[in-house]
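The structure appears right after this line, and notes come after that.
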Amino acid sequence: MELLRGLGVLFLLHMCGSNRIPESGGDNGVFDIFELIGGARRGPGRRLVKGQDLSSPAFRIENANLIPAVPDDKFQDLLDAVWADKGFIFLASLRQMKKTRGTLLAVERKDNTGQIFSVVSNGKAGTLDLSLSLPGKQQVVSVEEALLATGQWKSITLFVQEDRAQLYIDCDKMESAELDVPIQSIFTRDLASVARLRVAKGDVNDNFQGVLQNVRFVFGTTPEDILRNKGCSSSTNVLLTLDNNVVNGSSPAIRTNYIGHKTKDLQAICGLSCDELSSMVLELKGLRTIVTTLQDSIRKVTEENRELVSELKRPPLCFHNGVQYKNNEEWTVDSCTECHCQNSVTICKKVSCPIMPCSNATVPDGECCPRCWPSDSADDGWSPWSEWTSCSATCGNGIQQRGRSCDSLNNRCEGSSVQTRTCHIQECDKRFKQDGGWSHWSPWSSCSVTCGDGVITRIRLCNSPSPQMNGKPCEGEARETKACKKDACPINGGWGPWSPWDICSVTCGGGVQRRSRLCNNPTPQFGGKDCVGDVTENQVCNKQDCPIDGCLSNPCFAGAKCTSYPDGSWKCGACPPGYSGNGIQCKDVDECKEVPDACFNHNGEHRCKNTDPGYNCLPCPPRFTGSQPFGRGVEHAMANKQVCKPRNPCTDGTHDCNKNAKCNYLGHYSDPMYRCECKPGYAGNGIICGEDTDLDGWPNENLVCVANATYHCKKDNCPNLPNSGQEDYDKDGIGDACDDDDDNDKIPDDRDNCPFHYNPAQYDYDRDDVGDRCDNCPYNHNPDQADTDKNGEGDACAVDIDGDGILNERDNCQYVYNVDQRDTDMDGVGDQCDNCPLEHNPDQLDSDSDLIGDTCDNNQDIDEDGHQNNLDNCPYVPNANQADHDKDGKGDACDHDDDNDGIPDDRDNCRLVPNPDQKDSDGDGRGDACKDDFDHDNVPDIDDICPENFDISETDFRRFQMIPLDPKGTSQNDPNWVVRHQGKELVQTVNCDPGLAVGYDEFNAVDFSGTFFINTERDDDYAGFVFGYQSSSRFYVVMWKQVTQSYWDTNPTRAQGYSGLSVKVVNSTTGPGEHLRNALWHTGNTPGQVRTLWHDPRHIGWKDFTAYRWRLSHRPKTGYIRVVMYEGKKIMADSGPIYDKTYAGGRLGLFVFSQEMVFFSDMKYECRDS
């Protein structure tokens, strides 16, 4: 009892010491998160379970959103501790579900706009991520190979000291990490007023899944002491590296002074006064004497245990029948028993004797088992008779039996093996009640049959004794039967039924017919007899006299049925198929005329040939496939019409495209009918495809393509950076895009004012950052180097910018070639460049960037195709491309004769090219006038991206309209677009305000593809492309964000951009400005501005220096939209079918928002109107 009292005193002293105020100089400071949130045993969102440490509670996280935050005052205490120690030590024991991502700890803003700091265990990547929200960006520091989400208990120790972080898992030291700013910059002193500390709760889908225990912040100690307390013997060596390494010249942040939970009343913590504590110290001195006595007793017990252990270590012995035997010693007890000693255990084994097949066996001296001895006597083979059995009846008459056995293997035996006799013990006393009893069973009877299945029977009598004086009769059956089986009985055969009579041998005059039967009812078996009788039977048939046949003279038409009557008359049936008549006279039917669509009609010709009899269809025309029916009669022709379909090698498998290429069907009029195109991740001519890492359409290695086919078969001169134009100014085999010095003048391109001209002197007279060697206006400042007429003389110094022969000061369209200088509205701006040629508007203001001046822009567009009604050549039929091939002012979409040759479009074999003669030499349905060039633009259909639009033949963004979406303010620069590859590649080089680069080609249905690449690791914002562009307020946009982030300016609306690909429709009531800017940044819907059609649910952001390939399909007629993004050869994101009919087509362009060095390479658009 004294010992227990002393231990209790020690415990109270420890509790008081561990809760002292900072001035008391304690050596430990612990902030247990689960204690701080109130209730360390239970609470919402968590359930108490058994943990790794049995002395402290563990919690299974069921719903982290319900777990309350740490109170503000406690959080403020913790912040003060962080500032005092310039860091912290974070401890946690966890058992995390396998391959999950979960937040251990997070500091989130109270306005729910995001997290400021979080510690996340990323089981999918095998890392521990520290996320810090810094001004203008977010830093994520990942400790690699932190395998925590294994389903097993793990213990982490995270030591953060200013801008350094060191992680320990159990006793293993992981790699260290460096923060962009000291930790005090994140854990500011006023942080508790704007943020709260949460445990296990993270962003969407980032809540912790598993069990947590001992989640604590520790101050006033070192990681070395913590790891040593955990039993990590090597913790000293592990920690010396970080403790002795001064960061940025500062002293170590973790000090030994204690900062714990604040309190004002010491006695409230300890529960004892100082006098009481003093008396406890005196009691402890008495306890010391008791402990010393206890130590002496324990020492004596220890010595006795040692003696007992030494005694047990002696060699084992065995004792048997009073005799001592050594270990492994063997001895014999008698002739049938042997024993041995094994580890102090006596094991004995008896000899097992076999059963002897004789009655005269004896055991020889010294042996254990008996032996049989031979005998020649017939009686010697028998064993002695057994004792008689008890009498079967206890009173009255009964029977007794005895038996003997014969050694038939060694002797011959004669006589019976069983003897039976009657017995009579006493007379039955019939004066008292007696229950009946069964006698012994009789022997089994012989089988009831001699063959097959039968039964055998045995009986017993109720006479042992018999019931008397109303005694109970015997219970049970008096007879017992069981089956017996003999050899199978023979089965005699039996006849089956007769078959029907067969056909008579003649129809008249007496003939014979026959029938038969089988011996199968049953079939003879097991020696049974065969059937008796005949197998077949005959009888006379058709005994009547034969009539006179009038059809023997063939009076009917060949193939018509002839019916003869007994009186010699006859009658003809219908004409055979393919003929018509009365059966006597028949003529051929012209199936081709009677059924005008029996065969394929091509170019107005019914491809059917009549024969006598019948008809046959001609083979399907060239480039068509189908059946070639033939037959007789109108009914056959109507039921078996010929169908010829245009042949499609892409579906019938007759193409020769590479397995890594896609077969694109061009139509049966094209020659060839298909084009092979390598899939994303591959490049080549489609027949041969090779690996293409940067997705710019050029293979990593040279390909052996067909003769003279070098396009996209040569090795990529920049295999890791998209450059679809393969520009190489100095011809050194390294593309300009990845060549640091394109002109070999020893001046790096990023500092060379003429990167493509050798100019080591770098002279720049006009100081426009364009060297004199390559400056198209060397004496006029013009950094943009604009040259409208492409004559080598820049616009800044040209006297005639557009090259129309009219000097600039007298030219009413300085940038547009217009010799006639027509100016209908007399506003000083020529009609060729006037955005309102019929209304006076010298300022040319165009607020919505739709190429229509505000003066004449009414934005009334009933068919939503981007062209207002009074300027739309089909105001009631959507036709965004405004195609009008006969230039009659009526668009092709609503013109029944597009080429004005007098042949309606539905019968014109050249719909866009005048050919009133409709000449078609090869009969393929395509007129000679438009053979292989349907729109007559001198570009073969196989190479024409829009074969039905004369105005569009190739992808070209060399001319584009720059559209700022936030034109006011100077927070960032305007986009800077660099054009390459004849307009098929554009690069945006600066961090800029939101803006578009929109081409001038207009489309209805379109496919748009290209390669997306970010060539920098700076920034993480938006880039993408637009389609269906009609104005700066009306367009579709596909935009991609790398990481989730709130826009820095919350006015006029808060904007939260989530990582991942988005498809949005812009229909802004305000147009470009801060409202549209914030709405574009925001992932979601903003009324009156932007509506999100789809966002990637996996929130996958783009990666730096990684090539992606996009494919857009837009069909305005049905509203179908689909965006697919490839990463290498695999699909990374797929929107699936989206349906939206807001806009019926428009222009294509590119989009950037606060993101630099965006490459749009190998771009390609194709019309899909037909």
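Just so it is clear, glycine is given a Cβ too, placed from its N, Cα and C backbone atoms.
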**Message:** I want to verify the bond table. Which candidate from Cys586, Cys592 sits on the other end of the disulfide that Swiss-Prot records for Cys608?
**Reply:** Cys592
**Asked** The disulfide recorded in Swiss-Prot for Cys599 goes to which of Cys617, Cys620?
**Response** Cys617
**Request:** If you have Swiss-Prot open, could you say which of Cys508, Cys531 makes the disulfide with Cys519?
**Result:** Cys531
**Asked** Between Cys462 (disulfide bond) and Cys171 (disulfide bond), what C-alpha distance do you get in Å?
**Response** 88
**Asked** To which of the disulfide-bonded residues Cys171, Cys484, Cys546, Cys586, Cys592 does the lowest count of other Cβ atoms within 10 Å belong?
**Response** Cys546
**Prompt:** How would DSSP class Cys562 (disulfide bond) in three states?
**Reply:** strand
**Request:** Please list, for the repeat 'TSP type-3 5' (822-844), how many residues fall into helix, strand and coil according to DSSP.
**Result:** 3 helix, 0 strand, 20 coil
**Prompt:** For Cys413 (disulfide bond), what is the secondary structure by DSSP, using just helix, strand and coil?
**Reply:** coil
**Asked** In whole Å, how far is Cys474 (disulfide bond) from Cys484 (disulfide bond) when you measure between their Cα atoms?
**Response** 28
**Request:** Measuring Cα to Cα, tell me the gap between Cys551 (disulfide bond) and Cys508 (disulfide bond) in whole angstrom.
**Result:** 16
**Asked** If you count the other Cβ atoms within 10 Å of each Cβ, which of the disulfide-bonded residues Cys391, Cys423, Cys575, Cys599 comes out on top?
**Response** Cys599
**Message:** Can you tell me which of the disulfide-bonded residues Cys413, Cys586, Cys592, Cys599 is spatially closest to Cys562 (disulfide bond)? Compare CA atoms only.
**Reply:** Cys586
**Prompt:** If one looks at the chain holding Cys508 (disulfide bond), which residues at least 6 apart in sequence have a CB under 8 angstroms from its CB?
**Reply:** Asn542, Gln544, Asp545, Cys546, Pro547
**Request:** For Cys171 (disulfide bond), identify the closest of the recorded positions Cys423, Cys575, Cys617, Asn1067, judging by Cα separation.
**Result:** Asn1067
